[in-house]
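Asker: Checked TrEMBL, it gives:
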type	residues	note
DOMAIN	C:67-117	domain 'NADH-Ubiquinone oxidoreductase (complex I) chain 5 N-terminal'
TRANSMEM	C:84-104	transmembrane segment
DOMAIN	C:133-409	domain 'NADH:quinone oxidoreductase/Mrp antiporter transmembrane'
TRANSMEM	C:140-159	transmembrane segment
TRANSMEM	C:171-189	transmembrane segment
TRANSMEM	C:201-220	transmembrane segment
TRANSMEM	C:241-259	transmembrane segment
TRANSMEM	C:265-287	transmembrane segment
TRANSMEM	C:299-317	transmembrane segment
TRANSMEM	C:323-346	transmembrane segment
TRANSMEM	C:404-429	transmembrane segment
TRANSMEM	C:441-461	transmembrane segment
TRANSMEM	C:491-511	transmembrane segment
TRANSMEM	C:588-605	transmembrane segment
Amino acid sequence: MIALPALVLLPAIGGLAAWLSGQGDRPTHLPWWVAIATIILQTVLLLVVTLTAGFGTGPWLGHFSIPWIPALGIAARMDMDGLSLVLLWLTTLLSFPCVILSARDIGERPGLFLLLVLTTIAGVDGVFLATDLFLFFFFWELMLVPMYVLILRWGHEDRRRAAIKFFLFTQGSGLLMLVAILGLVILHWRSTGTLTFDYFALADTVLTPATAMALMLGFFIAFAVKLPVVPLHVWLPDTHTQAPTAGSVLLAGILLKTGGYGLIRFVVLLFPDAAARFTPVALALGVAGILYGAWLSLAQDDMKRLIAYSSVSHLGFVLLGVFSGSPMGMRGAVVQMVAHGLSTGALFVIAGSLQDRLHTRDMRRMGGLWQALPHLSSVALFFAIASLGLPGMGNFVGEFLVLLATWRISPPTAILGAAGLVLSAVYSLTMIGRAFLGPPATGPDPDHAGPDFGVRQMTVLGLTMALLLVLGTYPQPILDLSLPAGPHATQPEAGRP
Amino acid sequence: MSTTSPAQALLLAAVLFATGMLGVLARRNLLLMLMSIEIMLNAAALAFIAAGARWHAPQGQVMFLMILSLAAAEAAIGLAIILRLHAAGRPTLDADTGNRLKG
Amino acid sequence: MDALFLKLIVAFPLLAAAILLLSAGRMPARATCVIGTGSVGLSALMAARVATHATSPASLHVPLWSWMRVEGFSTRIAFTLDPLSLVMMLVVTFVGFLILLYACGYMRDDPDIARFFGYMTLFVAAMLVLVFSSDLLSLYIGWEGVGICSYLLIGFWHIDSANVAAARKAFIVTRIGDAAMLCGLLLLATRAGTLEIAPLLAAPPASATAAFLLLGGAVAKSAQAPLQTWLPDAMAGPTPVSALIHAATMVTAGVYLIARLHPLFAAVPAAMATVALIGLVTLLLAAGSALVQTDIKRILAYSTMSQIGYMFLALGAGAWQAAIFHLVTHAVFKALLFMAAGAVILRVHHRQDIYQMGGLARAMPGVFAAFLAGAAALAGLPLLTAGFYSKEMILQGAWHANPLLWAGALLGALATAVYIFRCIFIVFFGPRHTDPTGRTGATMALPLLCLGILALVGGWIDMPDAIAPVHLLSRLLSPLFGAPTAEGPSWLLWTGSLVPLAGVGLAWLLWRPRIRAFTPPEDAVARLARTGWGFDTLYDTLVVRPFVALGRLNQTDICDRLSDATAATARAGGRMLGRMQSGQVRRYAGWIAAGTIAALCLGAWP
Amino acid sequence: MTPLPAGLPPCLPILGGGIALLMLCIAWRRSEARAILVALATLLLAFASLWRPALPWPGGPAATLLVPDGWFTYIAGLILLSSAATVIMAWRGTGTQADEFYLLLLLGTLGALVMAGSADMVALFLGLETLSLSLLGLIAWHRTQPTADEAAIKYLVLSGLSSAILLFGLALSYATTGSLRFAAPVPTGPDGPAIPLAATALILTGLFFKLSAVPFHTWLPDVMEGAPTPVAAFIAVVSKIALFAALARYFAGADLAHPGTATAELAIVAVLSMLGGNLLALGQTNLKRLLAGSSIAHVGYLLLALLSPGPFGLASAAFYLAAYSIATTGAFAAIRGADLSDIAGWRGMFRRRPALALAMAIMLVSLAGIPPAVGFFAKTYIVIAGVSAQRIVLLGALIAGSIIGLYYYLNIVRAMMESAPEDHHPARTLPAHAALIAALAIVTLAAGIFPETLVRQTRALLPPAPAHDILYGERT
């Protein structure tokens, strides 16, 4: 399917076009329109990909491969399964709030901003599709660069520290993964004599348990940093807090999902035995993340920080689900990722809008915003409720399936995870209470709260709400798609010449 | 007249070498430091002669000649630079003072 | 046809909620009232239609759609109409309709009325989902849905941060129970592979853990000890909310849940005993608190807890019909009491302290009559009131289970009569402390009238054989719960009738207008009782404050220090190497010499 | 293994001829433009001649000093191209009468080539000292700057010291083996282990000094700061490539897969260099000093490749050398183009001169090993080698060092992106420099995205031929 690389290239090219179109001297909305056209095209392309995907010929839905560095057995190979497709859709959907809502308010160099946003999206799409380990790693590292610049250039007051922390943590752990990838490649080369980075070929490598565990840990740490897993989460609160709104949305909504995706594709499916042995630790880490994230979320004064820690908590469920060792947990984890992407992404949009209006993220200086900004506040309320896992919203489906799968292997873990649900109610409602309810604050400029959400915002966020509701009440399509295809499953080229 | 064995010559070379090195470390005067380096070079040259004598081969003496020329070239350039330092107004040849390049 | 009606009963309030919430306050108040009340009214009409048709014991099953279907577990959203949900449906729609009608008058001047009705109709929809669901997981949708509506409505007047805090507390405390319930669901789903109620009950997995976990959910939702602390604070919401959510419907969801899953509980005697014990403890504690409250709504709140305690007692005693009967009558008379209290509050300038009222019987006779009817039903004055019959049934059940339970329940009945008539005597008799203004409009009076009548005659649907052999409700429910237990000796009936009367007499002795000099005893016990027996303080000191304080202490995340330390180490290393770069050529030569010597040593080492 | 034919690679006489021509030109009439043209033409001609077979050696096989094998050809190509870039970089930057500057550059290049091809200690010594002595002149070029003299005197003293150490080591080695061919002396000779081990230690010290590996690196930052920018680039690129090539050849016959004294010392120095170089760069405020630290660290990465024998070891080192040369030359060219070596001066460069800043950022990203620049693949390649040789500790040091490296490289990128005060230094970049920078930036990206050609080049390289495989007439 030639459309697979096109999915990666289109946003990149669109980004370049947006950037070039903004090169004139006059401030113009042209880059913005170009970017919107790009994401609409991307949606159409993805729709085409979805409709022409090889459902029924096996779990792998699409395939593309050309040689890249044949001297080292590296190919530009992409394969798509249901998991990739779901996450590609999430990426594409979240690009709308990023571009339509956030990028519009960028005053300075909007073309460059959009270029960076779109190249990040391109990199993430590449991560979700690559099945050559080198290509995967290439995209994995590549997607960080534009994000780094985004934070650095358009971030908030403490952006330097946040940007460098983000980069060092993710890149540093990436190097561990590189070593693990290469270890696998070399072992495969030693045993078979072929040097290849191909996911499917490498999955057949015979490993001793100790080696498999070591290699798996290399992958795990990289993805654990990204997901993030306590205690490797420390980059996340700073980064999310300091990033510009679109950056936070991209980070929380999509970039973190690459961690979950990686855990599924490259940890559990590539090293099933080692992952099974690692399960107790992973479950403990997952639960620790759920509780610790929720606990710290509760203690924050900074709204974006609160949401960031809540992400740590929510993504603990993903870790639980992925390591629950059952398809049910895996599916639950995917739904949780999608739902978290939508709800937290929207919450970051809201926090960003508040910052634009009030010039603060400190909830001690907010309060009673409902009077001035009823639309914004009610949208925030909705997403806070979604994020606390109300049944009927997507988050609940994910959390429930994950907990059910976890209960089967370890009821105490599931109980602690359920306790996290209580805490999620605490911090979500605390946030709503402190920022939007109560008496109007004597904050910086209560009268200059700025305009309420208009049609543009309400449309985009309304659609997000609708998606969350649909996901919560009729998740079956996602559930059906979300089971990742294993490396031993029938490959697409076998079924579709 | 007793002939010295190559081993003894090597030992002497080593002593000379150590002396030169100590000189480089201990002296503060640039000229003396350069002289110490000359001593070390000559120690190496002596060692080559001794080794050549051991194998009855000409390479040792070839190397000796080359080291001599190197020492000469280095001394020439070194002295030129020291002269230029002096011309630039540096009051002493103390290597420990007046350093701007550091950190 | 009934299937369609069933869907519509839920769909109407849901649709109304969507319209009202999406209108974002741009709709005129009258239209809001019409849509809000009308939708529930339509539901009520349809409920009546369904009820008259479906009195046959056969239950109606309406599958809607498959919710989740994965390996080893599947759940679908489906409605079931059986006698129990029929009863609940009628309570929710009818009482709901009357309360909404009342709210049209009560909330008339509120600028946010659209939001109010939106939340209220959403609540009704969620409650109906809870009631109709044939699957525990879709029941859980309704279960949490009513919880969030309760949150939204308690904090409806969100400018006051006390209301917001009360709302948050209510949600979080119930969420603790919900989490336990979720764990119960997980356990059941793992054991049985399904959460559909019918197969689950056909072969109940005798799991004490599951029963206790589910009980946790019920306890929190129904404000039973030890998770009862949220209910008195929840009175911060507008009075119709208190009437609908925190008296008539939502708080009885726990009772409904246990009744719905009664085979599960019946299989675990320990769970049954615990249910009964919780009920008993709560009913006594709450009645004791109600005795010393001064806020009229808090009296009613504690009274609600206490009455639900009765229902739990009945459930624990295995008297399922009695519990449901009391649920129905309680919904009627407590809603009535709340609405009457609301009418009073509205007339006395939003004062809620009973000692600032007084002598209101003359000023508002209609409201007084309604309140009196409700109070009589609550106290269970014999023969005339609905509460008498349902409470009588519970006492019978308790006697059969354990005479101690019966004794406790009787003590509670005495206290109930005392505290509610204390309230009546202080509020409606004696000298007047506040001059009431305005009048109670028709929209508010009509529901009071309807419920007042029901509170008096509603009990006649099920009477002890000694009075009249009418067993409408028991018979309706018997396919589900089996035949009711035989009645006990007739002196039980006599005792049960006399105790409330004694209570009223006692209240008269203590608080009759002439001896207003009687001040409530202000000892430590009374203070403790007034604050709900110190549960709040206890939880606050033991859990909430340490948790929050530690969180605050760790606000900057201790894990972050690790990365800082690493960075500092690197910087220190950089500085050290910078010092190595002293600029002095001799020092550099020294390093080279040192390196050389080290290399030589390395060669000599092995 | 079939013995390799010895011979004289044609690039050496071409370079020699170019040097003579340049001297004649200077003697005839001074003109910087002509000097630069002659120098460039010589270098490019020499580069083109790499595809020609080696000339028969007039002195017969007995005097064979050089090995014109694939390794030499590749390294020579890198050296010649880097020198050419340095020549362009030096254009109009070295004062009025700058003709000799190019002469010295050519001389230094000649020394580097000799070193890269040397199979014999005599050749190594000759090449090394030719390079060192021309460097001395180049470092001290700016006679008006006192720092130039200081840098030169430091280099003089320390390089003399290290030369002496190296020579003494060579003498000891010769004393035990009786041959000046490259071969690490075997500790099990007739003289007992002491002298061979001492010889190895001393030779390594000498080479490490020139390579500026920790702890023999102290001279590098000072010299780089004091030297003119093109010279700094020359030191960082050409001299390191040549040294590394010679080091690789020195160990070509040795067994580095198994623990031994030399292996241990190489490993310790590699770890120290990776960590120390990066840490040193961490605190710098001068871009040239920072790049000095970074180049020290890169030496550490290269040593890791050297220590990983196997099909990937030296191939990855070769690739890395190319990536490193391109990016480092590019970074120095950008410094030259902006005429700013203070990091503070680079603040806000993205606003003032976006193209230059972008080029600089690409170079830094490449040095940091971030895709899509070529440094990313180069580092991956080295890690492949390290993993295949199971150099776990060294890999750990590489990861730690890389993370520190990311920090300071990105710090510059960050500074360039910040808003800055008005441009107080409106230097204009010469078109030649701009073209050089642009070409290097494009190559960095292109080679990063399509590294296949270069990979095939490096894979096709034979590992450097061990000296004893060369046809020798006599063996004592």
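Along the chain as shown, the residues are counted starting at 1.
Keep in mind that glycine also has a Cβ here, set from the backbone N, Cα and C atoms.
Buried or exposed, and what's around them? Tell me for each listed feature.
Answerer: The average per-residue pLDDT of the prediction over the domain 'NADH-Ubiquinone oxidoreductase (complex I) chain 5 N-terminal' (C:67-117) is 91, rounded to a whole number.
Within the same chain, residues 77, 112, 115-116, 119-120, 122-123, 125-131, 133, 166-168, 170-171, 174-175, 178, 181-182, 185, 217, 221, 233-234, 236-238, 241, 245-246, 249-250, 253, 257 sit at least 6 positions outside the transmembrane segment (C:140-159) and bring their C-beta atoms closer than 8 Å to a C-beta of that stretch.
Same-chain residues lying 6+ beyond the ends of the transmembrane segment (C:201-220) with a Cβ under 8 Å from its Cβ atoms: 143, 173-178, 180-185, 187-188, 191-192, 226-227, 253-255, 257-258, 261, 263-265, 267-268, 270-271, 274-275, 278.
Counting only same-chain residues 6+ beyond the ends of the transmembrane segment (C:241-259), those with a CB under 8 A from a CB of the stretch are 84, 88, 91-92, 95-96, 99-100, 102, 120, 123, 127, 130-131, 139, 143, 146-147, 149-150, 153-154, 156, 214-215, 217-224, 231, 234-235, 265, 275, 297, 300-301, 304, 308, 311-312, 315, 320, 323-324, 327, 330-332, 334-335, 337-339, 342, 481.
Tertiary neighbourhood of the transmembrane segment (C:265-287): same-chain residues 204, 206-208, 211-212, 215, 219, 223-225, 228, 258, 302-318, 398, 401-402, 405, 408-409, 411-412, 415-416, 419, 533, selected by CB-CB distance under 8 Å and a gap of 6+ residues from either end.
Taking Cβ pairs closer than 8 Å, the transmembrane segment (C:323-346) reaches residues 84, 87, 91, 95, 98-99, 102, 106, 239-240, 242-244, 247-249, 252, 255-256, 258-259, 296-297, 300, 303-304, 307-308, 310-312, 314-315, 352, 357, 360, 364, 367, 370-371, 373-375, 377-378, 385-387, 389-391, 393-394, 420, 427, 436, 438, 440, 444, 447-448, 451-452, 454-455, 458-459, 462, 473-474, 477 in its own chain, all 6 or more past its ends.
With a threshold of 8 Å between CB atoms, the same-chain residues lying at least 6 positions outside the transmembrane segment (C:404-429) that come near it are 276, 280, 283-284, 287-288, 290-291, 293, 296, 299, 302-303, 306-307, 309-310, 313, 316-317, 337, 344, 354-355, 357-361, 368, 371-372, 375, 378-381, 391, 394-395, 398, 492, 495-496, 499-504, 506-508, 510-513.
Same-chain neighbours of the transmembrane segment (C:441-461): 95, 98-99, 101-102, 104-106, 108, 328-329, 332-333, 335-336, 339-340, 342-343, 366-367, 369-370, 373-374, 376-377, 384-390, 468, 470, 472-473, counting only residues six or more beyond its ends whose CB sits under 8 Å from a CB of the stretch.
Remote same-chain partners of the transmembrane segment (C:491-511), defined as residues 6 or more beyond its termini with a Cβ less than 8 Å from a stretch Cβ, comprise 379-383, 388, 391-392, 395-396, 399, 406, 410, 413-419, 421-422, 424-426, 464, 466-467, 518.
Panel annotation: around the transmembrane segment (C:588-605), residues 580 of the same chain, lying at least six beyond its termini, place a Cβ under 8 Å from a Cβ of the stretch.
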Asker: Can you count helix, strand and coil residues in the domain 'NADH-Ubiquinone oxidoreductase (complex I) chain 5 N-terminal' (C:67-117) using DSSP?
Answerer: 29 helix, 13 strand, 9 coil
Asker: Looking only at residues six or more beyond either end of the transmembrane segment (C:299-317), which have a C-beta under 8 A from one in the stretch?
Answerer: 222-224, 228, 231-232, 234-235, 242, 246-247, 251-252, 254-255, 258-259, 262, 265, 272-287, 289-290, 293, 323, 326-327, 330, 334, 337-338, 341, 354, 378, 391, 393-394, 397-398, 400-402, 405, 408-409, 412, 415-416, 419-420, 423, 532
